[in-house]
Amino acid sequence: MTKSADIGLIGLAVMGENLVLNMESKGFTVAVYNRTVEKVDKFIHGRGAGKNFIGAHSIEELVASLERPRKVMLLVKAGQAVDDFIEQIIPHLEPGDIIIDGGNSYFVDTIRRAKYVESKGFLYIGTGVSGGEIGALHGPSMMPGGSVEAWPAVKNIFQSIAAKVDDGTPCCDWVGSDGAGHFVKMVHNGIEYGDMQIIGEAYQVMRDLLGMSADEMHEVFKKWNTEELDSYLIEITADIMAYKDEDGKPMVDKILDTAGQKGTGKWTGTAALDLGIPLTLIGESVFARFLSAQKDMRVEASKVISGPKPTFTGDKVQLLDDLKMALYGAKIISYAQGYNLFMAAAKEYDWKLNYGDIALMWRGGCIIRSAFLGDIKKAFDTNPELPHLLLDGFFKQKVEGAQDGWRRVCAAALINGIPAPALTSALCYLDGFRSEWLPANLLQAQRDYFGAHTYERIDKPRGQFFHTNWTGEGGDTVSTAYNS
Ligand code: 2AM
C-alpha cells in the first residue's frame, strides 16, 4: 500500500460515512472497513469517490494502512459488536495504538473496555458523538474520554471535525478517564429527553387549554427562539408546527401520539437511581414516553374515566408569557439536576470533570445546543467549585424570576386536567431544594416505628442515632443489630 491513513474507521452506516466524509473534508486520509465488506467498495465508488479514502477489505488491511500510533475508530451498533471488533483488532496493534469507540455505548461497558484494552498495552477512547447524521457530516459535538495519553494523538482530528461556537472554539474537549465521555453523552441524551418533554407539555397547554392552531403555535415558538429559550429544539418545533401535509393540514396532527426511545434516557435515570441523585425531570420524561406508548390502554381509559374539561378564561398573552417562564425555569432545574448527577458520578468513578467545558461541548453541533449553555459555562468559570447550579447567582435569580408564571402554568394545567409531569415535578423539586425543612422526620419516625431503623435528633450532634420503643413492645434492639 503506498498511501497511509491518519485514522481508520470501522462501520459504514450513515453516521460512519458522514463522519469520515467530514474528516476527509478537513484534509485527513481515512481508511474504511465494514463487516459487510461490499459496503466498503460501494462507499469508495459512491460517496467517497475521488476523495482521500483507503478501502480495506479486512481488519488486517485496515490496521496495516494506518500511520502510527494507529487510530482505529468503531462506529458500529452498541453492545457485543464493539467487544467483537476489539478482539479482532488487538492482535494487529502495537503499544501506543488507540482503539476509539464513537458509538452510543453504555458508559459501564466503556469503563470495562478501557481497562481491558489498557491491560493489553494499548490505549482506548470512548467518545460521545452527538448531532445525528447532519452533525456527523458538518460538525458534531464530541465528548471523548478514556486513556488520557491518547488525547494528543486524536485531538487535532476530533477538534477539526467538531462543531465550532461563534468564537471558533470547538465543541470537543477531553472529558475524563475510562467511561467519562460516554457518561457525559448519556446525560446529554437524558437532558434531550427532558427538553423535548417540557416543550411537548407547553404544546399541549397551548393546544388544549388555549385552543391554539399549529400556525399560531409556530409563531410563539419562533418568537421564543429569539429569547431566553433560543435553542435547536425550539427552532425545529417552530418548523414542525408550520409544516403541512399534502392536504394542507398540519403534519404534526397526523402523527400517532406514541413515543419511541432507544434507551439512553432510561440509562440516565438508572445512573441517577444508582448514585442517589434526584434527577426528577429526566425521570418524568422517560416515564411520560412509556405512558404515551400505552396508547391502547389510554384510549380505553379515556372512554371511562372523566376529568375536567379544559376551559380558559384568563389573559392568553399572559399565560403564553407564563408558559415561556415555566419552560425556562424547568430547563434550569433539568440542567441543575444533570450537573448534580455529574458531580456524584465524578466522585463515584474518580473522574475530574470540567463542568464548564461540558456546557461548551454542548453549545454547538448537538441536539440540546442552546444559548442557555453559555450561561452554564459562565457559572462554572465564575466558580469552578460551584456545588449546584441553583446556587449560582445568575441561575438563582432567573429561577426566582420565572417561578410566578411557572406556578400559574402548573396550577392551570392541574386544574384543567392537562398532564404536565415534567413542568410540575421540576417546580416541586425547586420547592424541595429551597426547603430548610422537609417532612423526612416523620419518615424516620415511621421507619423507626416499624423497623427500628433509628433516627438522628435536631437537639443532638449528627451521627448519633436513637431508637424509641414506640409501642412498648419493641424493646431496645435496633435494626443494624438485626442486619449484622
Ligand atoms: P453491517 O453493515 O455489516 O451490518 C451500524 O449498524 C453498523 O454496525 C454497520 O456498519 C453494521 O455492519 C455494524 N454492525 C452491526 N451489528 C454488528 C455486529 N454484530 N458485528 C459487526 N458489525 C456490526
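Cβ from N, Cα, C; glycine included.
The feature NADP(+) binding site is assigned by TrEMBL to Gly11, Leu12, Ala13, Val14, Met15, Gly16, Asn34, Arg35, Thr36, Val76, Lys77, Ala78, Asn104. When Cβ atoms from all protein chains are considered, those within 10 Å of Gly11 (NADP(+) binding site) total 24, not counting its own.
Residues or ranges marked as substrate binding site in TrEMBL: Asn104, Ser130, Gly131, Gly132, His188, Asn189, Tyr193, Lys262, Arg289, Arg447, His453. All chains included, 19 other C-beta atoms sit within 10 angstroms of the C-beta of Arg289 (substrate binding site).
Residues or ranges marked as domain '6-phosphogluconate dehydrogenase C-terminal' by TrEMBL: 181-471.
The active site, proton acceptor annotation in TrEMBL covers Lys185. Cβ neighbour count for Lys185 (active site, proton acceptor) (all protein chains, 10 Å cutoff from its Cβ): 32.
Under the heading active site, proton donor, TrEMBL lists Glu192. Residue density at Glu192 (active site, proton donor): 22 other Cβ atoms are found within 10 A of its Cβ, drawing on all protein chains shown.
The maximum pairwise C-alpha distance among Asn104, Ser130, Gly131, Gly132, His188, Asn189, Tyr193, Lys262, Arg289, Arg447, His453, the residues recorded as binding substrate, is 49 Å. Each residue contributes its Cα atom, and for Lys185 (active site, proton acceptor) and Asn104 (NADP(+) binding site) these two points are 8 Å apart. Candidate binding-site residues: Ala13, Met15. Fewest other C-beta atoms within 10 angstroms, Ala13. Of all the recorded positions listed here (Gly11, Met15, Asn34, Glu192), Glu192 has the Cα closest to the Cα of His453 (substrate binding site).
Mean per-residue pLDDT, taken over the domain '6-phosphogluconate dehydrogenase C-terminal' (181-471), amounts to 97.
Note on proximity: among Gly11, Ala13, Met15, Asn34, Asn104, the binding-site residues of the record, the Cα nearest Arg289 (substrate binding site) is that of Asn104. Among the recorded positions Met15, Lys185, His188, Arg289, no residue is identified whose Cβ is positioned under 6 Å from ligand 1.
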